[in-house]
Amino acid sequence: MSRTVKAPRGTQLSCKNWQTEAPMRMLMNNLDPEVARDPANLIVYGGTGRAARNWECFDKIVETLKNLEMDETLLVQSGKPVAVFKTNEWAPRVLIANSNLVPKWANWEYFRELEARGLIMYGQMTAGSWIYIGTQGILQGTYETFYAVAKKYFNGTLKGKWVLTAGLGEMGGAQPLAVTLNDGIVLAVEIDKKMIDRRIKTGYLDVWTNNLDEALEMVQNAVKEGKPLSVGLLANAADVHPELVKRGIIPDIVTDQTAAHDPLTGYVPRGMSFDDALNLRKENPKKYLELVYESVVRHIEAILEMQKQGAKVFEYGNNIRRLAYDHGVKDAFNIPGYVPEYIRDLFSEGKGPFRWAALSGNPEDIYKTDKKVLELFPYDEHLKKWVELAQKKVKWQGLPARICWLGQGERAEFGLAINKMVKDGELEAPIVIGRDHHDTGSVASPYRETEAMKDGSDAIADWPILNAMLNVASGATWVSFHHGGGVGIGYSLHAGMVTVADGTELAHKKLERVLTNDVGLGVVRHADAGYEIAINTAKKHNIQMPMLDT
C-alpha cells in the first residue's frame, strides 16, 4: 500500500512536543514526492535508500512518535520500530540503526537475502536517518568540489571548461547546477528520462537532448562563448564515453555519479532500453549483473583513456573504481577519489555539510536564517557567494531547508543563534539542525571519506562509532548509525545526528554541546591522523587531545 506523504506545516503539534514532532515531520518530509526518488516504495535516494522498511513500519513509527514522552526513546532497527524505553530528557528521542551487518557477512548478496525476508533495510545516509532535504543536500558539497578543481587546475574558475559526467539521480542531480554555479559547462549522461525531467523541473539542469551530436554542439558553443550551460543527454555512459574517445573529444574534467555502489539497482547496462533493462533486472538478475560489469569496464576504461589524454578525472564516491577493478580493470585506481584530492583540507578544519530545515514550512524562516548566518560570519566571502547563489537558484523541495559548509566553532555559534531566534519569536516554528553522514568525523569509508588517510587508517571504523556515542551523550534529538551508504554494503560505516532548536534553555544547552562535540571529533580524527590543519584547528579551539603533543 502506498500513499502521498507530506510533512505537516505550521505550529500545530501532532505529537506531544517539538522534540518528537521534529523527527515525525522529517520522516514524512523524506517521503514527500518533491523530495523522494520513489516515494511509493519508500525509496528516498541512492539506489534503494529507504526511510522506513515498509508502510506498516512507517505507520507504527508515526503512531509511536505521536505518543512518545520527553523522557522516552524510540529504537528503530533498519526502518522498523522495535521498542520504546524510559530514558531521560537529555537522551535522544530516537535511536536508529540501519543496514548493519557483521563484517564477514557484509556483502550485497547476503544483504539482499535478509532484505527479501523482511529483516533489514538499506538506509543510505540521510534516507533512513530522516534528514534528507532534496538535491540541495549535496549541492554545496558538489559546488565546493568543482570550485576546488577550478582552483587547483583552472585559475579559480570553470569558465570555458567542460565537464563530462553521468548520473542525474538524487545525488548526481546536483552536478549540473554545481558546475554552472562555477561558471562551467557540463554534459551529464542519464539513461532514465524521469530523472532528466526532474532536474529540469527543479532548475538543476538547463536543457536536454537524446542526440549526442546535438549535445556536443551545445557544449562546444557554450565553451567558445564562455557561458555556463548544463546539458542532459538521454543515453548510457558506457556507450557515450567510448564514443567520445573514438572521436578524439576529450573533456576538461570527467567524473561520475551513477549509483554504481549498488550495481543491481543503480546501474543500467549498455545496449538496451531503460524499460528492457528493468525487465531483465527483475527476470534474470544474474544475467543483468553480468551485463552491468561489462558496461562498467567499458565506462571506466574510457575515463582512464581520457585521463591519459589530459582530462582531470576523479571518482565521486560511488565505488565504481572498485567495481571495475574487480572485473579486470587493474589500473582503475589511477583515477583519484574526490575527498583526498579536493575535500580533505575542509574536513581537517571541521568544515562539512551542515544543514537546517524549517518545521513551519515557511520559506521566510530560511531566508531569516540565511541573513543571520551572513551576519555572524561576514568575513567568509565564499559563504556569502554560496548563500546568494542558493537563494537565486535553489528551488524548495518539501520543507524549506538550507545547507552551508560550516566549521568548528561556527556550527555551534550559528545553532545557538537560531535557537534564540525561535525563542524571540523571529521564526514561525522550531528549526531542525543536522548534517549529512558524509562529514568530517562521522564516516569510515576507504574508497571515499577516509580514502588515502595520511596514517593509513582508512578502514578504522572506531571513529563513526565514537561519533554516534558522543552525540547521544551530548543530547542530540535523534542519532543514527548506518552501514553501506554512498559506496555500498561492505564498504562504509557512518553516523548521523539531528538536534532541534525549539527556543528552550534545554535546547540551548544541547545545541552547544552537540554542535561543538560532533564536529570537534572530526577535527580530532584528522589531527590524530597527522593533518597539520586539523592539529592547528584543535589547538585553536582548545580541543583536549591527551596525546596530541606526545
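Counting starts with 1 at the first residue shown.
Cβ atoms here come from the backbone N, Cα and C positions, even for glycine.
Per Swiss-Prot, the features are as follows:
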| type | residues | note |
| --- | --- | --- |
| ACT_SITE | CYS404 | active site |
| BINDING | 46-47, GLN124, GLU190, 236-237, 257-261, 267-268, TYR316, GLY486 | NAD(+) binding site |
Secondary structure at GLN124 (NAD(+) binding site), reduced by DSSP to three states: coil
Sparsest Cβ surroundings (other CB atoms within 10 Å) among the binding-site residues GLN124, GLN257: GLN257
Sequence-distant neighbours of HIS261 (NAD(+) binding site) in its chain (C-beta under 8 A, six or more apart): GLY46, GLY47, ASN318, ASN319, ILE320, GLY484, GLY486, VAL487, GLY488, TYR491
VAL268 (NAD(+) binding site) to the residue listed as 'active site' - Cα separation in whole Å: 33
Cα-to-Cα gap, ALA259 (NAD(+) binding site) vs CYS404 (active site), nearest whole Å: 25
Protein Cβ atoms within 10 Å of GLY486 (NAD(+) binding site), excluding its own: 26
Under 8 Å by Cβ from CYS404 (active site), counting only residues of that chain that are 6 or more apart: GLN140, PHE354, ARG355, VAL373, LEU383, TRP386, VAL387
